[in-house]
Amino acid sequence: FKGGDTCEYLLSSGRFLGEKVWQPHSCMMHRYKNSEAKNCLVDKHIVFIGDSRIRQLFYSFIKLINPQVKEEGNKHGNIPFEDKSASIKVDFLWYPEVNGSMRQRIKSWTEGSVTKPHIIVAGAATWSIKIHNGSNEALTQYKINITSIAPLLEKLAKSSDVYWVLQDPVYEDLLSESRKMITNEKIDAYNEAAVRILNSSSRNSKAKVKVFSVSKLIAQETIMKSADGLHLPESSRDTNAMILMNVYCNKIMKPIDGSCCQPQPPLTIIQKFAFCFFTLSIIGYLIISLIHRNNFRKNKSCTDLESGEEKKPAISIPNVSTLEMLLHSFCKLGLIMTYFYLCDRANLFMKENKFYTHSSFFIPIIYVLVLGVFYTENTKETKVLNREQTDEWKGWMQLVILIYHISGASTFLPVYMHIRVLVAAYLFQTGYGHFSYFWVKGDFGVYRLCQVLFRLNFLVVVLCIVMDRPYQFYYFVPLVTVWFVIIYATLAVWPQIVQKKANGNCLWHFGLLLKLISLLTCIYFLSYSQGAFEKMFSFWPLSKCFELNGNVYEWWFRWKLDRYVVFHGMLFAFIYLALQKRQMIAEGKGDPLFSSRVSNVVLFISIVAFLTYSVWASSCKNKTECNELHPSVSVVQILAFILIRNIPGYVRSVYSSFFAWFGKISLELFICQYHIWLAADTKGILVLIPGYPMFNILVSTFIFVCVAHEISQITNDLAQIVVPKDNSTLLKRLLCMAGFFSGLLLFSAVQDQSRH
């Protein structure tokens, strides 16, 4: 379904999500702060001309610029407003009827020497109905007057943004006796006349007066809350003002979560090169496939005419070549990236704002947990944090995080704090897994380093190119990558201490502990020295990777939020492997981890610790204060979960294959959600099937999961080709990659220069 003209939708259609959140049809509306409003309207002159309803809209609009404004002044007179800091002028002109006086004022703006307002918002009708007691003659005169004004408004629309606000319905039961003649039937007749006359001219389709009809829809839902039956409640007026701000400012400010009225961004140089590369890959793969198909037909088995038996071909079908595998992977990736681009960069599919309710978060969580428990199987091994268990852990955490994102649950602080623990748990696994590998295997080779870096970063690098986003935008991958490099550097630097060496001499254990203490000291220093941290990552070309919106503050904030948890993972791995080596824990099938008494005590303490953290997180009142404590205390719930999951032998011996399947593609799921499940870079929701929210979620989720799984397969295939085990071949590939990234940096610099 094509998104169409989102400006037209914003001005004419939509629905309420809950009581106060307005959702335009097909696009997302940005909530403008007063600083953003000032930046957009700097040096602008805006005029509101009309009756008391337009005056209300005027006040709501200027409160977006200055929230301290009070509704004072002559109600039946002109009201000026000026913000000198941004040189913004907003005037309300009292013209309650569409008559000669209004026409004269509008005509004065069309004369050459007069400075025209940049935005004109006009509308009136209820006074005409009231003064003339709802007579048909008044309606006839209204039509004549608006017909005379229409050409002037169209002339102004060539250089200014002109909006005609249709009349809102009234709540007739609340109207005073002096307003009883203002009926919804009369209002509809006046609106119909205005729409017909303003849209009848086709002299210049580009210079069009925009009809602001969405206010009618908003009023239909909220007018019963009106104080007098005529004027809208404040929340509805504020919504109308925010819509006006979106219509004018979105094309100027280009907010990520404001897709309404935003034009499709032009293709960058890098995106054009990517398009050409994927196109050539698809053509190349098709050519090779056709050649192989022809060869296969020539060697196809034929029937022996004498015996009637089928003969086998003399030549067997050749194995798939490296080139064909490479082209096949890039062919699939090209088609997938086209889908990414169409979903989140082209104005092809609709996008909607998120709206949080408790049911939208907790009901899917219950569904997912029931499914996970249903698919329970025995593990191949019963060690603590075995492969099936860690995949399961990643899987259910990823599903919870996905539900958290699509439901907009970040607005609910207790849920936010628990999700922060899940993100910390991913990083804990990073510390645990990589430390365990290096400590046990002692493999610090370049092949291992490149394999991990490739698998972590391949998809993100492709998305940075195709979606024109900075590397830091996909914050979790830079975070995991940097921590992996830190773990590698900590253990690989002289003296290299591994389990085999430490078993021969216990002093090596103290050497490793000194390394870990040194790492902790560096983390502590950088977390309290923002200047030093930012200087470290502000040097080119590192700055290109870690800057977001021109600085590295966001990177420092993300790193600082979970700064200790990777260290905790490494320390846990060290202690666990030491206990395992000395056979101080029992990991047999069905056996408790410790003796029965110790297991019961530790299990009880773990459950209490787990619940205590949840109670603390649920009682959080201030996000900033809780974020300050989070790095130090998140490990409590993580360790408590590990012990609860592993102390009972039976629990340790089973796992959920459902969750484990998702765990194997958790990284791809986390990254892909940005563009093909959510929309507007995670700020909204992708709408493939409008009008059917549940069906839309089912379809988009199915495609999203399939794509994530396919990308995981592509990454694995390409990792074997791009990162070979042979050192000399690997060195050549690394030189090629260095050339590729140098070219990318060069084109990126040219691109930035052209933008400026």
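Cβ coordinates are placed from backbone N, Cα and C, and glycine is handled just like the others.
Just so you know, TrEMBL annotations are computer predictions that nobody has curated.
Predicted, not measured: the structure shown is a model, and the values here were computed from it.
Feature annotation from TrEMBL assigns domain 'NXPE C-terminal' to 22-92. According to TrEMBL, the domain 'Cas1p 10 TM acyl transferase' annotation covers 253-734. The feature transmembrane segment is assigned by TrEMBL to 269-291, 325-343, 355-375, 396-417, 452-468, 474-494, 506-526, 561-579, 600-617, 659-679, 685-709, 730-750.
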On the 0 to 100 scale, where does the mean pLDDT of the domain 'Cas1p 10 TM acyl transferase' (253-734) fall?
91
Counting by DSSP, what is the helix, strand and coil composition of the domain 'NXPE C-terminal' (22-92)?
22 helix, 19 strand, 30 coil
Can at least 3 Cβ pairs under 8 A be found between the transmembrane segment (474-494) and the transmembrane segment (269-291), with each pair 6 or more apart in sequence?
no
So what's near the transmembrane segment (685-709) in sequence-distant terms, Cβ-Cβ under 8 Å and 6+ beyond its ends?
1, 25-26, 336, 339, 343-344, 349-354, 406, 665, 668-669, 672-673, 676-679
Answer yes if the transmembrane segment (452-468) and the transmembrane segment (325-343) have at least three CB pairs under 8 Å among residue pairs 6 or more apart in sequence, and no otherwise.
yes
Cβ-Cβ under 8 Å with the transmembrane segment (325-343): same-chain residues at least 6 beyond its ends
274, 277-279, 281-282, 284-286, 288, 349, 462-463, 466-467, 675-676, 679, 686, 703, 707, 710-711, 714, 717-718, 721
Would you say the transmembrane segment (561-579) and the transmembrane segment (659-679) are in contact under the rule of three or more C-beta pairs closer than 8 Å, pairs 6 or more apart in sequence?
no
Counting only residues 6+ away from its ends, which parts of the chain sit with a Cβ under 8 Å from the transmembrane segment (396-417)?
354-358, 360-361, 364-365, 368-369, 372, 423, 425-426, 617-621, 623, 626, 630, 656, 659, 662-663, 666, 669-670, 673, 677-678, 682, 685, 697
For the transmembrane segment (600-617), what are the same-chain contacts with Cβ under 8 Å, counting residues 6+ beyond its ends?
414, 417-418, 421, 593-594, 626, 633, 636-637, 639-641, 643-644, 647-648
May I ask for the residues of the chain that lie six or more residues beyond the transmembrane segment (561-579) and have a Cβ under 8 Å from a Cβ within it?
384-385, 420, 423-425, 427-433, 435-436, 439-440, 479, 483, 486-487, 499, 509, 512, 516, 519-520, 523, 526-527, 585, 627, 630-632, 634-635, 638-639, 642
